[in-house]
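According to Swiss-Prot:
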- 95-102: motif 'Cysteine switch' (MOTIF)
- Cys97, His223, His227, His233, Met241: Zn(2+) 2 binding site (BINDING)
- Asn118: N-linked glycosylation site (CARBOHYD)
- Asn153: N-linked glycosylation site (CARBOHYD)
- Asn159: N-linked glycosylation site (CARBOHYD)
- His173, Asp175, His188, His201: Zn(2+) 1 binding site (BINDING)
- Cys285-Cys472: disulfide bond (DISULFID)
- Ile294, Ala338, Ala386, Val435: Ca(2+) 5 binding site (BINDING)
- 380-428: repeat 'Hemopexin 3' (REPEAT)
Amino acid sequence: MHPGVLAAFLFLSWTRCWSLPVPNDDDDDDDMSEEDFQLAERYLKSYYYPLNPAGILKKTAANSVVDRLREMQSFFGLEVTGKLDDNTLDIMKKPRCGVPDVGEYNVFPRTLKWPKMNLTYRIVNYTPDLTHSEVEKAFKKAFKVWSDVTPLNFTRLYNGTADIMISFGTKEHGDFYPFDGPSGLLAHAFPPGPNYGGDAHFDDDETWTSSSKGYNLFLVAAHEFGHSLGLDHSKDPGALMFPIYTYTGKSHFVLPDDDVQGIQYLYGPGDEDPNPKHPKTPDKCDPSLSLDAITSLRGETMVFKDRFFWRLHPQLVDAELFLTKSFWPELPNRIDAAYEHPSKDLIFIFRGRKFWALNGYDILEGYPQKISELGFPKDVKKISAAVHFEDTGKTLFFSGNQVWRYDDTNRMMDKDYPRLIEEDFPGIGDKVDAVYEKNGYIYFFNGPIQFEYSIWSNRIVRVMPTNSLLWC
């Protein structure tokens, strides 16, 4: 279709009345502003069965506001209520890819994949945020993420029309899907096909970097090129193709297993994968599941595993899974131990010889600190688990086969510590992966087993599988 004819369609209007229901006086979200509701309406219109450039819905199913909100909550693993709550709004406010999660995103007919393995790309223009060399390096590295696991080859063109045309632009930039200024929508790409098919556009109102500051161009480009090759968004929060941007750290990037499965379904495997071990997202109901750390946080329970955590809330019917860095970008990908200090409204996170103090989702100034500040000798290299007792002001730390007890009032370790875990808590084994306390019971986790230990009787009263904590 000629672009001029396509532009004429933009004058068509979508006359259906479409708005979020305003909560009544009994709802918990009375404090949400009109701006919040407007943001939510824009979000759902953009990412859940969006209009095509003609102003017409591509699909008729799930086009009511409540249906779209339910679909969005289901996509992100939130409690499906059809109501705009704080958790849903938090997701909507995170920076993300501009490609819809449900519904097509294209101007011209798309195809499932490219019919060839040798593809070309061209960098049409550059962002002023990085040198030309840095931009070229980021894009080359992003394409390599996909060529490493498939037979695909990518060749750069310096003029003419390539299969994948890459450009930076702002607001209205010629494809009828405008950018929105800083943050929010970061970039978008079109699926394989003619004309715009395969093209990737980056919002130049963002600050593009090669680090954790601003938005990392390599990570965003690798995601967008996944769309250019035919992949849709993934519901897996650990996948590169998850729609929300998360800086994953400075270490060598390895494509997650979910993305490998998706791209190899389209193009098949490559001859030799330089990274044969691709990270998988943990399954909460895996009978062999072990945990890294557990802590409460303002009435919720946070359960850490690898680079993820599950969030448990008494009012939810299922555990919600998130990347740790999507909430705390400055923390390490993996943590060793965690505990809450309710009277200070703080949680403490441990990794190796360092620990962080957090107020909600904000890291306190002056952190991380060394665990030696708490009184640990130099031969203690990590804390494997920790639990705080608000009534006594004591905190138990587990490291190797030993347990330490810290006095919060005197800010020092208690005398006669450390002790052997087996002596203080007989029956739970000689190591602790994670621990928490509730209603007079301590719950010790050791591999796939958890022990319910009575503080009053000093004995194990129940043995359960670890995954029962996650309602499995």
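Placement of Cβ uses the backbone N, Cα and C atoms for every residue, glycine included.
All features noted in Swiss-Prot, drawn onto the structure.
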| residue | record | Cβ within 10 Å |
| --- | --- | --- |
| Asn118 | N-linked glycosylation site | 11 |
| Asn153 | N-linked glycosylation site | 13 |
| Asn159 | N-linked glycosylation site | 6 |
| His227 | Zn(2+) 2 binding site | 24 |
| His233 | Zn(2+) 2 binding site | 22 |
| Cys285 | disulfide bond | 13 |
| Ile294 | Ca(2+) 5 binding site | 28 |
| Ala386 | Ca(2+) 5 binding site | 28 |
| Val435 | Ca(2+) 5 binding site | 30 |
| Cys472 | disulfide bond | 14 |
(request) Sort out the residues at least 6 away from either end of the motif 'Cysteine switch' (95-102), same chain, that have Cβ-Cβ distances under 8 Å to it, and list them. (result) 46-50, 62, 71-72, 75, 177, 179, 183-189, 215, 220, 223-224, 227, 232-233, 243-245
(request) Cα within 10 Å of His227 (Zn(2+) 2 binding site) is the criterion; apply it to the recorded positions His188, His201, Cys285, Ile294, Ala386 and give the hits in sequence order. (result) His188
(message) With Cβ-Cβ distance below 8 Å and at least 6 positions apart along the chain, what are the contacts of His201 (Zn(2+) 1 binding site)? List them in sequence order.
(response) Ile166, Ser167, Phe168, Gly169, His173, Asp175, Phe179, Ala187, His188, Ala189
(message) Return the residues near Cys97 (Zn(2+) 2 binding site) by Cβ distance under 8 Å, restricted to its own chain and a separation of at least 6 in sequence.
(response) Leu185, Leu186, Ala187, His188, Val220, His223, Glu224, His227, His233, Pro243, Tyr245
(request) Using C-alpha atoms only, work out the spacing between Ala386 (Ca(2+) 5 binding site) and Cys472 (disulfide bond) and round it to an integer in Å. (result) 24
(message) Just to be sure I understand: of Asn118, Asn159, Val435, which recorded positions have a C-alpha no more than 10 angstroms from the C-alpha of Asn153 (N-linked glycosylation site)?
(response) Asn118
(request) Take the C-alpha atoms of Cys472 (disulfide bond) and Ile294 (Ca(2+) 5 binding site) and report the distance between them in angstrom, rounded. (result) 17
(request) Look up His173 (Zn(2+) 1 binding site) in the DSSP assignment and report helix, strand or coil. (result) coil
(request) Please report the DSSP secondary structure of His201 (Zn(2+) 1 binding site), reduced to three states. (result) strand
(message) Counting Cβ atoms within 10 Å of each candidate's own Cβ, which of the binding-site residues His173, His188, His223 comes out highest?
(response) His223
(message) Roughly how many Å lie between the Cα atoms of Ile294 (Ca(2+) 5 binding site) and Cys285 (disulfide bond), rounded to a whole value?
(response) 17
(request) Going by Cα-Cα distance, pick out whichever of the recorded positions Asn118, Asn159, Ala338, Val435 is nearest to Cys285 (disulfide bond). (result) Val435
